[in-house]
Amino acid sequence: MTETSATTSPLLLGLTGGIGAGKSTVAALLADRGAGIVDADRIAREVVEPGEPALEALRREFGDAVLSDDGTLDRAALAGLAFATPERTAALNAIMHPAIAQRTAARLTEHAHLPVVVHDVPLLVENGMTGNYHLSLLVDVPEETRLDRLTTSRGLDREDAQRRIRAQATDDQRHLACDAALDNAGTQEHLREQVVELWENRIEPFRRNRAAGTPAQPLPLTQVEAGEEAQRAAGARLTARLERTASRAGLPATASASPSVDGVAIDLRVPDGTDPAAVAAVLRETGYAPRDDRWLTTDPGRPAAVTVSAGTR
């Protein structure tokens, strides 16, 4: 192994689930294992606190009516104004999205010294963010259970709770977009056991393999999603990650995936004359290690191999 074969950036996990699923509980359990937590909901609240530039921008755009008497944001008033027309919604997004993105980047930088960082994002699937993370984790709870939680613990009426749930992605969409699911319909102890198992059998080995530049020893096939639809979804996640990492590195690249007898086979195509070192850096950052003429995954939970069609390691 050469010095450049190691990767020092954190293993970045996306954490999502429907409203009422218990994402914060899972985030706390992952924090107990040593992960840093970046909470998207908390950031969205922080950037509109009194004194924040985004709050002043909202006041200028929508008027003093969006402020309460104490100078804090009146969220109900803002919603009534901002969602009145598509143009007003676009104005809201033009203020909020950059502010949230900047604060998120700052939080991720603060946690860059940690081996694992978790980004808790309610709308990860809806916003097509799977490619941003080395793994996306789903907190899975049946809709009826979430409805009960929202009406009992949060005091929502059933109709409002149903409306909020149905405004989000479906359970099937989340399962196809995520790499692993944690069942939070049972006891807290059962949930904790799942988190520990996932950490010890997949997250920590993935982190360790990726940091060392070592291909993974795959988990038993019984622990890996099977079936044609699951394989296609896995291929879509893996190619999205490669293309997103390449794009951030300024490397024009396209990836395609197909099932193979030993996992997912990925073809990464780069322009002729591309610097091989740049290609290698993208592959290592995404979570692959060189072996002969291919790059093998460092994730034990999803067997995959990449062949580069132009440029080599």
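Residue numbers in this text run from 1 along the chain shown.
Keep in mind that glycine also has a Cβ here, set from the backbone N, Cα and C atoms.
The Cβ of Thr25 (ATP binding site) has 16 other Cβ atoms within 10 Å, all protein chains considered. Per TrEMBL, ATP binding site is recorded for Gly20, Ala21, Gly22, Lys23, Ser24, Thr25.
Around Ala21 (ATP binding site), the same-chain residues at least 6 positions away in sequence with a Cβ under 8 Å from its Cβ are Val139, Asp140, Val141, Arg146, Asn184. All protein chains considered, the CB of Lys23 (ATP binding site) has 26 other CB atoms within 10 Å. Other than Gly20, Ala21, Gly22, Lys23, Ser24, Thr25, the residues of this chain whose Cβ falls within 8 Å of the Cβ centroid of the ATP site are, in sequence order, Gly17, Val26, Val139, Val141, Asn184.
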